[in-house]
Amino acid sequence: MAFASFAEFLAMGGHAPYVWSAWGVTALLLLLIVWHARVEHRQLINGVKRRVRRERARSTSAAPQNAAQFNSVEGGMRDDA
Amino acid sequence: MATSVGPLLEHNGGLMIAVRATLVRDLTLLLRRRGEVLNPLVFFALVITLFPIAISPDPELLATIAPGLLWVAALLAALLSLDSLFRSDYDDGSLEQLLLAPQPLAALSLAKVAVHWLLTGLPLALMAPLLGIMLALPAGSYAVLAVSLALGTASLSLIGAIGAALTVGLARGGVLLSLLVLPLYIPVLIFGAGAVQAAILGDGVSAHLAILGALLAAALMLAPWAIAASLRISING
Amino acid sequence: MWAFIHKLGSPKWFYGISAKLQPWFWAAAALLLVTGTLWGLAFAPADYQQGNSFRIIYVHVPAAFLAQSIFISMAISGLVFMVWKIKVADMAAAVMAPLGAGMTFVALFSGAVWGVPTWGTWWMWDARLTSMLILLFLYLGVIALRGAFTSRDSASRAASVLAMVGVINIPIIKYSVDWWYTLHQPATFTLTSRPTMPTEMWLPLAIMVLGFYSFFIALTLMRTRSEILRRESNKRWVQELVVGQVEEKR
């Protein structure tokens, strides 16, 4: 332990504002990133669910359609002769 | 690549002809639109005029910052002209013709960049000593200034052409282009301005110029492929 | 080898395997970051010259390392995407860019804050800070270019080309900035270059670096999965997986 007491730990030998702001901003950013990633993933899952429900509702009301379309983005066009 | 000798020879001959045709075409087109060629030069002179007004007319102060000012202003002038490098060819469809040509696109785009340098980089380099006089640039560094700018702007044209090719298909590519290209310009700026500074201090400049030459050689080897790939993305995408 | 690459390239396979790998990397990241934080903040000895402000090293250096590594990984992903047309590689590259920019920002911010007790100023044109600033611009360029295209395929390919051009330039930029800095500021000492660092100082640093890397891997896995959902939401396997899912928690 590099500090004698908790108060000394908080004071960081007079460098408290610098040490704590650098660590604080880093921690805050990492936490925000994780939070954003979780919310994003949940929203996307819900989006797919909604899409499936919508397409099922449509296919039962109208003629049955193929819900899944396969779009291929394969193969950049080559134009050298 | 080719299986028989005949098509290979024909292909090579075709390449030289196509490169020469691209060079001649671009030169004629640009020489007809003289305003576009003159704009970067006028911009260069204008920016250099702003600094003494904004900072101070004191020759001693100006002399210390002149190498950096001249280099930054020339770099921005070169950047200004980049957007038009492929723009008009993209608009009138001749860029698509270039892509359809059987000759390698990298070689043809290198020819276009060469014309661009000949009509922006080289004039900027030749004009810089004149503006150097106005900034009280110490004697003995004028030749180094011109040579470093001539070498450096060639690299700038090559690197900048990658950005120009990537953004040519975009409606508002101009600002984006400077964001993409300026960070990549920094090594050239460091050694270009460093060469002039070294000449003022009386140090050897050959190391700086050699590094500028090395940067140019690397750009010459790698940039044409990146330009060609970027043009394909902009046209086919 | 080839079969493996193409298997890895299939979004469906990647979605499954990353779900299994992800918790391990999150756990490793949490464990390493907590250990490194406690050790670095409370137990590592104070620096004899800089005192306790030296503890900023434990966020500054890992963030700077990660910022550079992420750009390299992004360029490699771009290359894989361009050569083998593996879409997952591009999705990974797309989610890496914002994290890389964030890490560059952390490195810049902590460097600036560290500068106050060390140099007495918020900003110094120190070699490391300058090349970090340029790196931030490179990241912003890649992100902006990807956002500027309307066609997703063009955006992916353009961003890949720019990332590769950038990664070739990064060592050149770093070398020239170092050279420029030593020329102009020969006497000032840089923030982090010290001849020897005692074990109890660098061990927490190594733990923090590993923690940052685990965090990067875990987050990239997670956000690549989100990106798969975003881009492939019209594919049948995604719809079956999501609707029929019970085990999906994250």
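For all residues, glycine too, the Cβ spot is worked out from N, Cα and C.
TrEMBL has this to say about the protein:
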type	residues	note
DOMAIN	C:15-184	domain 'Cytochrome c assembly protein'
TRANSMEM	C:21-44	transmembrane segment
TRANSMEM	C:56-84	transmembrane segment
TRANSMEM	C:91-117	transmembrane segment
TRANSMEM	C:129-149	transmembrane segment
TRANSMEM	C:161-181	transmembrane segment
TRANSMEM	C:201-221	transmembrane segment
(message) Check for me, if you would, whether the transmembrane segment (C:161-181) reaches the transmembrane segment (C:201-221) - at least 3 Cβ pairs under 8 Å, residues 6 or more apart in sequence.
(response) no
(message) I need to check the long-range neighbours of the transmembrane segment (C:56-84): which residues 6 or more away from its ends have a CB within less than 8 Å of a CB in the stretch?
(response) 5-6, 9, 36-37, 40-41, 44, 90, 92-93, 96-97, 99-100, 103-104, 106-107, 110-111, 113-114, 128, 132, 135, 138-139, 142, 156-157, 159-161, 163-164, 166-167, 170, 191-192, 204-205, 208-209, 211-213, 216
(request) Report, as numbers and ranges, which residues of the same chain sit near the transmembrane segment (C:21-44): CB under 8 Å and 6 or more residues beyond its ends. (result) 55, 58, 200-201, 203-205, 207-208, 210-212, 214-215, 217-218, 221-222, 225, 250
(request) State the mean pLDDT for the domain 'Cytochrome c assembly protein' (C:15-184). (result) 90
